[in-house]
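Take a look at the structure set out below.
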Amino acid sequence: MDYSPLISKVVPSSHPSFPNTGRGTITNSPFEAALAQNDEESGSLIPASVSAGEYETVDLAADVLSDSPTGVTSANDVEKVKNAKDAWKVFVNESKVLWAIAAPIAFNIICLYGMNSSTQIFVGHIGNLELSAVAIALSVMSNFSFGFLLGMGSALETLCGQAFGAGQVSKLGVYMQRSWIILICSAILLCPLYIFSTPILRLLGQDEEIAVKAGQFTVWIIPQMFALAINFPTQKFLQSQSKVMVLSWIGFVALIIHIGLLILFIDGFGWSLGGAALAFNISSWITSISQVVYVVGWCKDGWTGLSWAAFNELWAFVKLSLASAIMLCLEIWYMMVLVVLTGHLDDAEIAVDSISICMNINGWEAMLFIGLNAAISVRVSNELGSGRPRATLYAVIVVVVQSLALGILSMMAILIFKNDFSVIFTDNYELQKAVAGIAHLLAITMVLNSIQPVISGVAVGGGWQGLVAYINLGCYYIFGLPFGFILGYVLKLGVEGIWMGMLCGTTAQTIILLIVVWRTNWKDEAAKALERVRLWGGQEEQKLQTEAY
């Protein structure tokens, strides 16, 4: 295996996140069981991620080349945790690194969600028809393209994160440009979905007036979809380098501008749905352009200018992007199906409204865990790219423990206030009672959703999107969905039956992913990451040099 592209790189002279405890007899700790299967075969590792610490240029020849099965040595990986004190130090320091990434990303997502919500709030003052039209356009048509484009862009989390960890920072700009090309082409392919949204909504049984208005609004926000095609790759480019504070600031400023434009266009000029669509397009492009300006102006290491290398290996990149998109879309659409199925029950209005309230509460919790998803994806990809399997495993353990704790707290809050939280959304006593009746299912969902996104983030960081897509397909659509249909319709359990069946699918998926993570040989994954960086990085440069001659 040729590791020549990795022989010299910039790495931190120290990694403050983990203790250098030295080797010795291992005593019981929360980390030891998970490490047992990985530590017997000491393989190794190149120095720590460039995301932390002071930097120095080092020669990696001695560290990278070895006789171990993985082709690397463990001299520069973190030492094993020997006692509870070491475990606590790892937990605290890794938590600081994790939340420094997760919190700004979660805030950015809240701002993005706020743009959708504020649009619906302002449109709601125009009329009920307009509100229904915008709600359908954003929750069905736009959400479909959003999920697909976000999934296609998630391939960049794997490649940029691992390349950054391996010191191949100059390749990040090429990867981002390649993702731009793929996502813009994807947006073009999605345009017919927007253009023909009115007949599509008619086929789905939507009211004629709502279908027409929603179709008009959907066509008007096509520019916003192309803004996302620029936004997502740029976002992943910055996330992989832990440059996330700028994302939160851009998101916040864009939200303020968006609200100002809504006031101007709707209240000031009286442009109705057209004004809402225009504000949505402008604020979305402000976000995308601001991110690109920051990358070009302040990320000189990762951005070296436009390159023809972006057109190399496009098909291989498309395959990884498609795997990411399928994995994410199967997750997003699963809960959308729950709402669709409840719409065909006998008391559909109460069923749909109660589910919608629960999903709204779950959505706010999900923003936090999407931030953790992105953070652990960055941590895993950076550490694997640096060839540090034990550091990778520590990061995974810490994020799973914290996510589970937050999920349990959320569950307890829902169970304690199950008779009260629906008051925020409705004054209807019958609906409040219906929400309280399914609150226990929401509580279970919040626990599962605290783990599942985080494990998916680990999968993205490790480049396992294809495997997770198969797991999602089997657990969600072959097992969970049919089981929910049987419980809800055949056994007449209604909305509770549908939700319980789908929760069984989510539980199966979470358990399988936890087993996959538990049984993963992180040394092998580190070696695969080095090979991936070599193939996607070094060969491209050689190819360009060959083409130049």
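For all residues, glycine too, the Cβ spot is worked out from N, Cα and C.
The feature transmembrane segment is assigned by TrEMBL to 97-115 (among others).
Under the heading transmembrane segment, TrEMBL lists 135-159 (among others).
Nonlocal intrachain contacts for the transmembrane segment (180-197), taken as residues 6+ away from its ends with a CB within less than 8 angstroms of a stretch CB, comprise 137, 141, 144-145, 148-149, 152-153, 214-215, 218-219, 221-222, 225-226, 228-230, 232-233, 310-311, 314, 317-318, 321. Residues or ranges marked as transmembrane segment by TrEMBL: 180-197 (among others).
Annotated transmembrane segment per TrEMBL: 217-234 (among others), in sequence order.
What TrEMBL records for 246-266 (among others) is transmembrane segment.
The transmembrane segment annotation in TrEMBL covers 278-299 (among others).
Same-chain neighbours of the transmembrane segment (320-341): 140, 143, 147-155, 158-159, 179, 182, 352, 355-356, 359, 452, 456, 459-460, 463, 465-466, 468-469, 472-473, 476-477, 480-481, 484-485, 488, 498-499, 502, 505-506, counting only residues six or more beyond its ends whose CB sits under 8 Å from a CB of the stretch. Summarising the annotation, TrEMBL assigns transmembrane segment to 320-341 (among others).
Feature annotation from TrEMBL assigns transmembrane segment to 361-381 (among others). Outside the transmembrane segment (361-381), and at least 6 residues removed from its termini, the chain residues within Cβ reach (under 8 Å) are 51, 97-99, 101-107, 109-110, 113, 157-158, 160-162, 164-165, 239-240, 242, 392, 395-396, 399, 402-403, 406, 410, 414, 421, 442, 445-446, 449-450, 453-454, 456-458, 460-462, 529.
Same-chain neighbours of the transmembrane segment (393-417): 18, 30-31, 34-35, 38, 78, 81, 90-91, 94-95, 98, 361, 365, 368-369, 372, 375-376, 379-380, 383, 439-440, 442-444, 446-451, 453-455, 457-458, 517, 522, counting only residues six or more beyond its ends whose CB sits under 8 Å from a CB of the stretch. Sequence annotations record features per position, and here TrEMBL assigns transmembrane segment to 393-417 (among others).
Residues or ranges marked as transmembrane segment by TrEMBL: 437-460 (among others).
According to TrEMBL, the feature transmembrane segment maps to 467-491 (among others).
For 497-518 (among others), the entry in TrEMBL reads transmembrane segment.
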Contact check, the transmembrane segment (437-460) vs the transmembrane segment (246-266), 3+ Cβ pairs under 8 Å, seq sep 6+: no
For the transmembrane segment (278-299): best-contacting stretch of 135-159, 246-266, 497-518, by Cβ pairs under 8 Å: 246-266
Stretch among 97-115, 135-159, 246-266, 497-518 sharing the most Cβ pairs under 8 Å with the transmembrane segment (217-234): 135-159
